[in-house]
Amino acid sequence: MMSVHVVAFGNERDGFSEDNQQSSLIWTYLGRSALISETESNLLLNSANHTGNPVFTEYQACVFGNVRLVVHDCPLWDIFDSDWYTSQNLIGGADIIVIKYSVNDKSSFQEVKDSYVPMIKRALNHCTIPVIISAVGARKSEVPCTCPLCTLDRGSCVTASEGIQLAKELGATYLELHSLSDFYIGKYFGGVLEYFMIQSLNQKSSEKMKKRNKSHKCHGVKPPQLEQPEKMPILKGEASHYNSDLHNLLICCQCVDVIFYSEDLKEVVEAHKIVLCSVSHVFTLLFNVKSPADIQDSSIIRTAQTLFAVNSEAVFPVSNRGSPCGPPVRVIVKDSFFCFCLSDILHFIYSGAFQWELLEEDIKKKLKDPGEVELVLEKVKCILKTPGKVNSSKNCRSHQTARPLQLCDTSLRLFFNTHVLADVIFQIQGATVPAHRAVLVARCEVMAAMFNGSYIEANSFLVPVYGVSKDTFLSFLEYLYTDSCCPASILQAMSLLICAEMYQVSRLQHICELYIITQLQSMPSRELASTSLSVVSLLRKAKFHNSDCLSTWLLHFIATNYLIFSQKPEFQDLSAEERNFVEMHRWPSSMYLKQLADYRNYINSQKCHCIVM
């Protein structure tokens, strides 16, 4: 039974519509086309939860009487890109490609242009596949216009000229479907799609006849079919908990080096200089991290002077808290309303400084007077103000999607590996690395136990580090400060993974695992065969350091590239259990290689040669 495979990309639904049940282009065509014949499921088989890759919706139907039509519809790029193997197989097996987008959703068009089109271009370099570009919907204007020179709807909609230009780049057929009606679906889109179906079937019939003639010449002997390799295990990542780590630091009151007091010298709340200075230039002035000459913004200087005062007089009670660098800094809050709401303001800052509406609600609950609420909020805006810019509540709300602690030009990243406010020095391989206890305790449970427990490090300014290189430890600290890392090589990623396992930072372990997997997957076969990198050694380290996901993936990787790794000396270092696993899951299988050798021997034998020759 002959078949036609269609792969559709892009989202044709109107992004501004609240109707999530809009009909899709493919579903509408299959439901209305006169060519679709009845099946056991009345019209078509819809497998929305397609095994292997849930992002694809698979449709199956019969056309032209007895031709099997299989359609894979993929509206989302992110999940499509995460399964590289399945994605490439679907592209490689496509007879027709359909690209679709909504003319009223420029983001869907941009995703098609930036993500799908480069991938399709690479596929078209090796073969010729017909491509149909379908612009769906009537533009949000009184009269839909398809003139390439028209600019009436250029700002909010995808113009016809943009679609035509995209079609030229791909050598595709461009269609505008103002609605999913019988005319546009059955006559217009359906007519073009069915024409390409017929072309594909004619080509397949011709190729099938050639193969049949060739097989007859060889007395009907067919080459063995190479099975597909097993799918690699999927590595699941761990979500970031950067914001919650810093917020918990405020709640637990660990490594406190700042105490805020009211004007009558009552303690209000405890905090950390490193976090406060990372979000506000007001606090960098207050704690002498920067001088007024460095700020050059009078409003920030004025806010620091009128709102806070650092006091070291003996009227305060003696505190036994503090780091080896000294007791906490005492700060008097001069504004009574601001002081009353300071606890909520610090919770807002430590949570990432982007939940502005929640801060407004908390302050309104404490201060009933709208005027007092507005004054306190204005002072918060002044504290979070970027030098030279005017902050508004609208600007504060715009930071809801921004990365944590980046409202100003400063951030925790700028305090990484600097002596500014540092209260601990790590000694490693004859060098010193400055750090801040508050960040370390907030981000790493092992560090928290080390600095807050009965260990010697709790009261030491100099802390030695063993069993890890300086570069690896610096990369580890950089992750704690920035919640990101970028290893330079697979070996460095493995070293960082070992360090993360030593300090029990599981998310960093997952990041390193994913980096190693991505780098190995991107290696061409020739590079994989010639590289001096020992994958078996990586497997040993992954197992020893409890990286079960990575070790399982590496075993599958060795089995999938069996012909390469079986020729390497390191292959002999596999244990008996590992060798059995690899032999069981190897690709290509030993049965296929035997069948292939027999087939080649048969082809080269005299039985397959012409009698006359």
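Placement of Cβ uses the backbone N, Cα and C atoms for every residue, glycine included.
Here TrEMBL flags 256-358, 422-483 as domain 'BTB'.
Under DSSP, residues within the domain 'BTB' (422-483) fall into helix, strand and coil as 32 helix, 13 strand, 17 coil. The average per-residue pLDDT of the prediction over the domain 'BTB' (422-483) is 91, rounded to a whole number. Counting residues per DSSP class in helix, strand and coil order gives 44 helix, 19 strand, 40 coil for the domain 'BTB' (256-358).
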